[in-house]
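Let me begin by presenting the structure, written as structure tokens, before commenting on it.
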Amino acid sequence: MSPQGRRRPSWYRAWSTITPASLQVRRRPAPRVRRVAYCILIRHGRSTANTAGVLAGWTPGVALDDTGREQAAALVTRLEGTPFVHVATSPLQRCRETAQPLLEAHGLTAQVHEGLGECHYGAWTGRPLSELAGEPLWRVVQDQPSLATFPDGLEHPGESIRSMADRAVAAVREIDAAVTAEHGEHAVWAAVSHGDVIKSVLADATATALDDFQRLHVDPASVSVVHYTATRPMLLRSNDTGRSALTPPRPKGDTPPAGDAPVGGGAGLGSTP
């Protein structure tokens, strides 16, 4: 009863039992964060198809040109001090040639992984980019790539960009998990692949919709770094070519229509596509 002889309401009695000690929040132990490896994504150096302005796809025998070989050799210096424990590469020659100097510098043998291979461009394979830009499918590739499927050719099967992206992301995550399991946290490994493939992985890492992946740019011999954690991937670096970013290079030669991405990745800014 109150001093005035009136009964206190039930909510008052319940509230009066709360003490400072009862207000303390029980803290659960912080979950252990599983630290994982660092994936360094390397696009192949400039190829003979890049300088010719054609879409190489899975055409056999497409090698690095002189500039591409210089770019591959320079990767050893650019990445000096990086403790690589593993290098995976696309099966295609231009990627294997790009990986070779790193393999020799670190005493490693490449893991060849089909999932890192170029998109299967089907009937588009080997055709000039300037010619492909006039195809109706070009606009789909540029504006809604998640809906784009390249038609089968006589020698090369086609593939959808969605399928390419799914298998590329799956391959990188699979290799990353294997490297972590074998070499422990903070291990560093490299994946040598192709422009559109790497763009797909970067889009996944940044939660970018596939229809927006043409906003990303991946130059020949560029380096991007993704760190997969227990909660989310983190993009630590993108399209690092070793050049100063203060003065953007000007594209030379024939280029795609303004705002369009070079299918396959192109030859990089300052070069013929």
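Yeah, the Cβs are placed from backbone N, Cα and C, and that goes for glycine too.
What TrEMBL says about a protein is an automatic prediction, not a curated fact.
On a predicted model such as this, the values are computed, not experimentally measured, just so you know.
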Annotated companion of R43, H44, G45, R46, S47, T48, A49, N50, E118, C119, H120, Y121 at the substrate site, TrEMBL, chosen from R78, R94, R162, R167: R94
Cβ neighbour count within 10 Å of Y121 (substrate binding site): 27
Least buried by Cβ count (within 10 Å) of the binding-site residues A49, C119: A49
Largest separation between Cα atoms (Å) of residues that the record links to substrate, namely R43, H44, G45, R46, S47, T48, A49, N50, R94, E118, C119, H120, Y121: 20
For R43 (substrate binding site), the three-state class that DSSP assigns: strand
Spatial separation of R94 (substrate binding site) from H44 (active site, tele-phosphohistidine intermediate) - C-alpha basis, Å: 6
